[in-house]
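K.L.:
Mind looking over this structure? Questions follow.
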Amino acid sequence: MIEQLLPPRVRAHEVFADVPVSSLHPREAALVQDAVESRRREFATGRHCARRALASLGVPPGPLLATPRGAPRWPAGVCGAITHCAGYRAAAVARAPGIRAVGIDAEPDRPLPEGVLEAVALPAEQFQVKEHTARHPGVVWGKLLFSAKESVYKAWFPATGRPLGFEEALIDLDPVSSTFRVRVLPTALRAAEPELRDLHGRWLVRHGIIVTAVVVDGPGRDTPHAPSPYDRTKHSAPTGRSADRPGGRPTDRATDRPTA
């Protein structure tokens, strides 16, 4: 699924079941040695997806460790992202500097817990979710918006080294083209970053899972999600119904954290 959302220069791998924890390199296993078993499995499978994606770029195998913030420490000259939700794991990688950053996210295709949409969405986005829900009820628009914001954050932080608040990016979801536009608000931008003001992404709903992706091109390239030969993904109705975090605003946002 995830490859349909990405340009050919980005390589991805996804699975719908976990691999054995024993597949981890010993140095990777040490990162989650105190985690619960379910966390160790998702961590191992995320690393498995990352290794497969890296291999398709010609990157030799090796341990994929973590930054101090818990994000994957990619090999030199590579950018990427890992995502996982119940029943799905994926990784996407690309060569830098041709591509500056990649963000992907997967979420179960079911409604957000009460109060989460109001915590993460701007008023204009909340209105948009309401309008899309009335006109296109086959999609859980609130969860899709949340996933899009997660993908944006996962691309933004590696590209800038700075966090991005939910309220610092306005997302416009297109129900026809299965794309979304991201307008980063001035409070998050610096003078030398006009190319980051407008970003673009794609989305897909299939097999009970919402997936979203954002690619930030490197210097001197056009916007990666402008119309192109790989602009082929169409709207897909959901077949079923980790933003599912009751109690308010989700906090585990940006990284494939090694801790449980």
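Each position is counted from 1, following the chain as shown.
Placed from the backbone N, Cα and C atoms, the Cβ positions cover glycine too.
Pasting the feature list from TrEMBL:
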type	residues	note
DOMAIN	28-94	domain '4'-phosphopantetheinyl transferase N-terminal'
BINDING	R39, R47, T83, H84, D105, E150, K154, L164	CoA binding site
DOMAIN	101-180	domain '4'-phosphopantetheinyl transferase'
BINDING	D105, A106, E107	Mg(2+) binding site
REGION	217-260	region 'Disordered'
COMPBIAS	242-260	compositional bias 'Basic and acidic residues'
K.L.:
Using only the Cα atoms of R39, R47, T83, H84, D105, E150, K154, L164, which the record gives as binding CoA, return the largest interatomic distance in Å, rounded to a whole number.
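P.N.:
Among the residues the record ties to CoA, max Cα distance equals 26 Å.
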K.L.:
Using a 10 Å radius around each Cβ and all protein chains in view, which of these binding-site residues has the most neighbours: A106, L164?
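P.N.:
Max Cβ neighbours within 10 Å, all protein chains included: A106.
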K.L.:
Among R39, R47, H84, K154, all listed as binding-site residues, which has the most CB atoms within 10 Å of its CB?
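P.N.:
Answer returned by the neighbour count: K154.
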